[in-house]
Amino acid sequence: MPSPTKPSSPSSEPSSQTPPGDFRYNTKKTGGLTPRQQNLALLAGLSVALYTVENLIPLPIPWLRIGVGNIGVLLALYMLSPVDGFFVLLIKVVIGSLLSGRFLSPFFLFALGAGVPSYWIMVGVKRLLGRWFGPVGVSVAGAVSHNLFQLAIAYLIVVQSVTIFYLAPILVVLGTVSGALIGAAVRSILPHLGIDKTSETAKISG
């Protein structure tokens with residue numbers, strides 16, 4: 001009588017169905033860096049490069065830009081963690097300002113003073129409303145709040161006239177458009193990395 005076949009235990013190894021781009025199953029260190037550290041460095045470099053190039057393009061209002069450098073920040077928020085995304089933001093603003101010769105200038109103050117609070121607004125929207133808002137909604141919240149924080153900073157250190165707040169509706173519209181573009185770019189990238197944009201657990205360990 002043949003012996004009963006022992007049921008096989010579920011394998012902890014990724015199945016052949018794992019998407020080729022799913023970096024979460026990459027546990028190998030490269031150059032002493034964990035996968036998380038590698039991706040943090042990659043996203044920081046991407047943000048700095050995009051931020052620096054965009055800053056080299058002259059505009060009538062220097063601090064009013066699309067914010068393509070935020071692609072790396074938003075990717076870090078979804079791929080890694082809120083703290084890692086915040087590090088990418090700080091690296092983007094500080095290193096990008098140094099490379100463009102604007103460190104500690106009014107431009108730098110606008111970027112940092114508006115970037116920090118608007119980033120944590122994105123984190124809050126993602127965490128509290130992520131069930132209804134994907135990368136586009138999160139990015140729009142960040143872009144609109146970023147523009148409004150810049151307006152408040154301009155009032156405090158430049159214009160000091162309440163008439164500047166007449167620009168608020170225009171900045172809300174521009175923030176909505178730019179935020180939607182950045183969010184759409186991130187939304188299109190995430191599936192290629194094996195990330196579920198609605199998941200809070202699809203993070204890199206290490």
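Cβ atoms are placed via backbone N, Cα and C, with glycine included.
Annotated compositional bias 'Low complexity' per TrEMBL: 8-20, in sequence order.
Among the features that TrEMBL reports, region 'Disordered' is placed at 1-32.
Positions annotated as transmembrane segment by TrEMBL: 40-59 (among others).
Under the heading transmembrane segment, TrEMBL lists 71-95 (among others). For the transmembrane segment (71-95), the list of distant contacts is 36, 39-40, 43-48, 50-51, 103, 108, 111-112, 115-116, 119-120, 122-123, 126-127, 135, 138-139, 142, 182-183, 185-186, 189-190, 193, 195, 197, 202-204: same-chain residues at least six beyond its ends, Cβ to Cβ under 8 Å.
When Cβ-Cβ distances below 8 Å are used as the criterion, the transmembrane segment (107-125) is approached by residues 55, 62-63, 73-74, 77, 82, 85-86, 89, 93-94, 97, 133, 137-139, 141-143, 145-147, 149-150, 153-154, 157 of the same chain, each at least six residues removed from its ends. Residues or ranges marked as transmembrane segment by TrEMBL: 107-125 (among others).
The feature transmembrane segment is assigned by TrEMBL to 132-158 (among others).
Positions annotated as transmembrane segment by TrEMBL: 164-186 (among others).
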